[in-house]
Structures are given as structure tokens and as C-alpha cells.
Ligand SMILES: Nc1ncnc2c1ncn2[C@@H]1O[C@H](COP(=O)(O)OP(=O)(O)OP(=O)(O)O)[C@@H](O)[C@H]1O
Ligand SMILES: Nc1ccn([C@@H]2O[C@H](COP(=O)(O)O)[C@@H](O)[C@H]2O)c(=O)n1
Ligand SMILES: [Mg+2]
């Protein structure tokens, strides 16, 4: 007989158009809550591949794609790019990367993202890692980030916070009501946050060497 963990994993499986089976963990949290930072740690310790929806969209702008200008304008305004564009990029990345375990960071950002991803891919996340952090701390982190991001300015940050509260928090609540959310206090130093993250992953995923 399978364990509860086996049952969670089975329910969470999804299959890509090329027949590849994948396991997905969504990583959500406000702008600057530390999603990218912690995903890098999870990759190292638990053998996942990290897909940041924001990074994929920024790469799409750089590639000279026909959607580039539209994406750039949306990002400057802190708005959410139409789901079909982002889902295509995520799906392609999961097919291209030689791994079956994916952290999808910054997606789904709204109800449209969530429902469209489920409909198109059939993938249900194994769980949702949610980084809970105050706006004050997130703003401080973003203003000190210095990565040259066009949306890391105070006007766009305020817009991103508004979108997070109005559109992304309801997605977290949706998964919460299904018992899928693992909430982390992300206001602490990086190492302490990762200790909490490790506890969540260790209960489900074996550590890599
Ligand atoms: N726990 C932490 N304490 C202090 N600084 C942190 C912490 N975690 C991340 N940072 C720093 O805060 C900034 C934002 O972190 P990160 O890029 O990981 O956030 P994010 O959630 O991916 O943001 P975004 O949604 O804007 O992509 C970075 O400069 C990072 O080094
Ligand atoms: N599902 C998503 C994710 C991101 N965006 C856009 O990219 C911006 C930056 O995202 P980060 O996760 O890197 O902070 C975000 O503000 C959106 O404009 C999106 O449209 N859909
Ligand atoms: Mg990020």
C-alpha cells in the first residue's frame, strides 16, 4: 500500500505534450519576498530545476520575439502578461530541460494564469511554497537589489504590490482552501528562511548528494 506522500505525488503528476511526466511545485510570494534566492538553494539541495516566469518573460523580450514589446510594456507597468504567452514559455522550458522536477517561481500570478495552466497542461502542483513577507521589507530588498531591472523603481514597485494583493493573494487562498500551501516566514535572514524551506522539502523529497 502506498504512503500519503506517494498519494500526494501521484495526484500532482502532469504530462507535457511530448509525453514527458513532470512534478511541479509553485513558488509564490510578493515582489522581493526572496523567491529566486530560495529557489537557487532548493535546486542545489533537492535536485529541482528552477523556472522563473519573470526571467522567461525577460528572456523573451531579449530574443526579439514578436511579443517582446507587449511583454516589456506589461512588465514596466507591473501588469500580468496574458497567460497563453507565459504558459507556452513554461511548457517549452519543461520539455527542453532534462529533469522531471520543476520549481515554477512567480506563477500563477492571477486566476487566469492558474486556470489556464491547469486546463492547458493538466498539471496540478504537488504543493505551493508561499513566502510571506511585509511590504516594508520587500520594498527595502527590491530597492537594494541592483540588478538593473526596469521594474525595480518605486512607481512600478507600488503597482506590483497592488497587483500582488488584488490578483495573486486570491490564488494563494485558492490553494490554501485545498490544503496545498506551505507558508514560510520570509522576513527572516536568508539562512533562516532556508531552514524552514528545507523542513518542507525534506518531508517529501530526498536530498541530493
Ligand atoms: N531573507 C532575505 N533577507 C534579506 N535579503 C534577501 C532575503 N532574500 C532575498 N534577499 C535579497 O532581496 C532581493 C530580492 O530577492 P529575490 O530576487 O530572491 O526576490 P523575488 O521574490 O524573486 O523578487 P521578484 O518577485 O521581484 O523577482 C535580492 O537582492 C536578494 O538578494
Ligand atoms: N506569471 C507571471 C510572472 C511575471 N509576470 C511579469 O513579470 C514581472 C516580473 O516578475 P518577477 O516574478 O520576476 O518579479 C511581473 O511584475 C509581471 O509584469 C507576468 O506577467 N506573469
Ligand atoms: Mg524573482
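Numbers run from 1 along the shown chain.
The backbone N, Cα and C atoms fix where each Cβ goes, and this holds for glycine too.
According to TrEMBL, the features are:
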BINDING   32, 33, 34, 35, 36, 37, 145, 188  ATP binding site
BINDING   58, 79, 80, 81, 106, 107, 108, 109, 149, 160  ribonucleoside 5'-phosphate binding site
BINDING   113  CMP binding site
Nearest to residue 33 (ATP binding site) by Cα distance: which of the binding-site residues 58, 106, 108, 149 is it? 106
Restricting the binding-site residues 32, 34, 106, 145, 149 to those with Cβ under 6 angstroms from ligand 2 leaves 106
Given the binding-site residues 58, 80, 108, 113, 149, return the subset with CB under 6 A from an atom of ligand 1, ordered by sequence, or none if empty. none
Given the binding-site residues 32, 33, 34, 35, 80, return the subset with CB under 6 A from an atom of ligand 3, ordered by sequence, or none if empty. 35
Tell me, in order along the sequence, which binding-site residues from 80, 106, 108, 113, 149 have their CA within 10 Å of residue 35 (ATP binding site). 106
Residue 188 (ATP binding site) to residue 80 (ribonucleoside 5'-phosphate binding site): how many Å between their Cα atoms? 28
In all the protein chains shown, the tally of other Cβ atoms within 10 Å of the Cβ of residue 106 (ribonucleoside 5'-phosphate binding site) is 23
In whole Å, the longest Cα-Cα distance within the recorded ATP binders 32, 33, 34, 35, 36, 37, 145, 188 is 17
Rounded Cα-Cα span from residue 106 (ribonucleoside 5'-phosphate binding site) to residue 36 (ATP binding site), Å: 9
Nearest to the residue listed as 'CMP binding site' by C-alpha distance, among the binding-site residues 32, 34, 58, 145, is 58
Here's one to test understanding: among the binding-site residues 32, 34, 145, whose C-alpha is closest in space to the C-alpha of residue 80 (ribonucleoside 5'-phosphate binding site)? 32
